[in-house]
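Student: Residues or ranges marked as topological domain 'Periplasmic' in Swiss-Prot (evidence: sequence analysis): 68-74, 140-145, 231-250, 308-327, 375-384. The topological domain 'Cytoplasmic' annotation in Swiss-Prot covers 99-106, 115-121, 165-174, 200-212, 280-285, 348-352, 437-467 (among others) and is backed by sequence analysis. The chloride binding site annotation in Swiss-Prot covers Ser105, Ile354, Phe355, Tyr443 and rests on sequence analysis. Taken from Swiss-Prot, the feature motif 'Selectivity filter part_2' applies to 144-148, supported by sequence analysis. What Swiss-Prot records for Glu201 is site 'Mediates proton transfer from the protein to the inner aqueous phase'. According to Swiss-Prot, the motif 'Selectivity filter part_3' annotation covers 353-357, on the basis of sequence analysis.
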Amino acid sequence: MKSQTIPTRRVRGFRRAAVIRQLLSRDKTPLTILLLASLTGVLAGLAGVAFEKAVAWVTAHRIEGLAQVAHIPWLVWLLAFLFSALLAMVGYFLVRRFAPEAGGSGIPEIEGALEELRPVRWWRVLPVKFFGGMGTLGAGMVLGREGPMVQMGGNIGRMVLDIFHRPDAEARHTLLATGAAAGLAAAFNAPLAGILFIIEEMRTQFHYNLISIKAVFTGVIMSTIVFRIFNGEKSVIEVGQLTDAPVYTLWLYLLLGIIFGAVGPLFNRLVLGMQDVFARIHGGNTTRWVLLGGAIGGACGLLALWEPAAAGGGFGLIPIAAAGNFTVGMLLFIFIARVVTTVFCFSSGAPGGIFAPMLALGTLLGSAFGMACAAWFPQWHLQAGTFAIAGMGALLAASVRAPITGIVLVLEMTDNYQLILPMIITCLGATLLAQFLGGKPLYSTILARTLAKQEAERQAQADGRNT
């Protein structure tokens with residue numbers, strides 16, 4: 001009896017496996033794409049949670065180590081530099097040695113991959129981006145985790161595609177976009193912003209059709225569910241419930257948008273210019289590049305010890321600044337300090353994003369503007385926090401040129417949907433002036449520079465073979 005049961009079970013198992021293989025091998029099967037998109041979303045969500053916990057673990061141990069010697073002033077300063085320098089050097093070395101495409105934000109790499117202009121080598125990008133990001137973000141460098149999550153999410157999508165042997169180009173494109181959107185959603189607990197980011201920021205690369213958009217929706221839903229299982233459903237940035245902006249104050253938000261419209265292109269020029277400076281300093285030499293990264297990381301460690309608000313990604317700073325706990329002068333000082341540290345950290349090629357630092361910069365300048373307006377117009381009883389929220393999305397809109405994503409992202413992260421009108425006005429003003437001043441979207445410009453460098457290297461190799 002048992003000898004008959006075992007073969008019968010095996011036959012049934014083989015039949016199920018054959019049905020699954022047949023389903024997955026059918027070309028242009030929407031159900032298959034949606035199933036793979038679901039798996040991509042789950043894996044991207046798990047990667048997002050793991051990355052967040054890993055960075056927090058490294059940061060906590062670094063701070064705990066410094067606390068052990070807090071009673072010895074000279075030693076705590078020395079160790080603050082050394083701990084952060086060593087962590088940063090790990091990140092820089094991993095990128096330079098094993099996966100150069102994992103440096104920086106990673107979002108331009110995904111944009112290039114969607115156009116089949118940049119390769120996706122998930123087997124090396126995923127570990128390098130994860131552990132390299134643990135080093136640089138754990139060191140206290142002014143970087144965010146959203147860029148790494150977008151790149152890791154996109155690479156997870158390609159990994160799923162390769163595992164299940166889907167050779168068609170449309171499936172490759174769809175799962176890459178799905179993973180990127182799921183990664184952003186998992187980084188910020190912002191599902192709608194993840195969807196809009198693909199549609200708006202990657203509008204020139206994304207193939208918008210019914211199947212692809214359903215896949216993006218599915219992946220984002222799954223990654224957000226995974227995020228909320230581990231982290232709960234509360235907003236990522238808790239600034240409290242702010243009051244709505246009266247109609248007669250809306251012109252102030254337009255003025256704030258104009259300010260950010262001037263700041264955005266200037267910020268982009270600083271980033272791109274500093275990238276050129278760093279390229280000239282290290283000249284492609286790995287040792288110089290890693291030592292330079294260690295010096296920047298160590299400086300961030302010292303800065304975090306002296307003024308914690310000036311270092312780190314900035315998520316912890318945003319609620320404090322929005323609550324009006326700083327003076328206008330202090331807000332402007334921290335803003336300038338963080339502009340410098342953001343530009344240095346991001347332009348150096350460290351594995352880390354720039355979304356979170358830009359959100360913090362927008363909060364600082366917006367809060368300073370709001371406090372100044374509250375002093376100028378005391379009869380209106382203005383709340384500086386509303387300007388801080390508007391500023392969060394405005395710098396993103398002016399720099400990245402994705403105003404809708406900036407608006408929705410901030411509203412989802414802060415749970416202040418009643419501020420949608422002042423947010424729209426501020427982001428529109430910022431985008432229009434940035435465009436009028438000739439500013440180019442940051443990620444598109446970085447991608448163009450990467451492609452130009454790639455073409456120059458290919459040409460040099462071709463010339464070398466011909467000689």
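From the backbone N, Cα and C atoms, a Cβ is placed for every residue, glycine too.
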Student: Please count the residues of the topological domain 'Periplasmic' (68-74) that DSSP assigns to helix (H, G, I), strand (E, B) and coil.
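Tutor: The breakdown for the topological domain 'Periplasmic' (68-74) reads 2 helix, 0 strand, 5 coil.
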Student: Cα-Cα separation of Ser105 (chloride binding site) and Glu201 (site 'Mediates proton transfer from the protein to the inner aqueous phase'), in Å?
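Tutor: So the Cα of Glu201 (site 'Mediates proton transfer from the protein to the inner aqueous phase') lies 14 Å away from that of Ser105 (chloride binding site).
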Student: What are the DSSP helix, strand and coil residue counts for the motif 'Selectivity filter part_2' (144-148)?
Tutor: 3 helix, 1 strand, 1 coil
Student: Any residues 6+ beyond the ends of the topological domain 'Periplasmic' (375-384) with a Cβ under 8 Å from its own?
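Tutor: Distant contacts of the topological domain 'Periplasmic' (375-384): 242-243, 246, 248-249, 252, 322, 324, 367.
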Student: Same chain, outside the topological domain 'Periplasmic' (231-250) by at least 6, Cβ under 8 Å from its Cβ: which residues?
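Tutor: Non-local partners: 49, 52, 188-190, 315, 318-319, 322-323, 377, 380, 382-383, 385-386, 388-389, 412-416, 418-419, 421-422, 425.
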Student: Take the Cβ of Ile354 (chloride binding site) and count every other Cβ within 10 Å, whichever protein chain it belongs to.
Tutor: 29
Student: Between all pairs in Ser105, Ile354, Phe355, Tyr443 (listed as chloride binders), what's the biggest Cα distance, rounded to the nearest Å?
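Tutor: Those residues reach a largest Cα separation of 11 Å.
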Student: Can you tell which of the binding-site residues Ile354, Phe355, Tyr443 lies nearest to Glu201 (site 'Mediates proton transfer from the protein to the inner aqueous phase') in space, using Cα positions?
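Tutor: Result: the closest of the binding-site residues to Glu201 (site 'Mediates proton transfer from the protein to the inner aqueous phase') is Tyr443.
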Student: Under a three-state reduction of DSSP output, how is Tyr443 (chloride binding site) classified: helix, strand, or coil?
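Tutor: DSSP assigns Tyr443 (chloride binding site) to helix.
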Student: Which Cβ among the binding-site residues (Phe355, Tyr443) has the fewest C-beta neighbours inside 10 Å?
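Tutor: Lowest Cβ count within 10 Å among the binding-site residues (Phe355, Tyr443) is Tyr443.
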Student: Take the topological domain 'Cytoplasmic' (165-174) and count its residues per DSSP category (helix H/G/I, strand E/B, coil), listing them in that order.
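Tutor: Helix (H, G, I), strand (E, B), coil: 6 helix, 0 strand, 4 coil.
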Student: Determine, from DSSP, whether Glu201 (site 'Mediates proton transfer from the protein to the inner aqueous phase') sits in helix, strand or coil.
Tutor: helix
Student: Other than its close neighbours in sequence, what residues sit by the topological domain 'Cytoplasmic' (348-352), given a CB gap under 8 Å and a spacing of at least six beyond its ends?
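Tutor: Here the qualifying positions are 88, 91-92, 94-95, 102-106, 128-129, 132-133, 135-137, 141, 143-145, 147-148, 274-275, 278, 289, 292-293, 296-297.
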Student: Apart from its near flanks, which chain residues at least 6 from the ends of the topological domain 'Cytoplasmic' (99-106) lie with a Cβ under 8 angstroms of it?
Tutor: 118-119, 121, 124-125, 128-129, 132, 147-148, 150-152, 346, 349-354, 443, 446
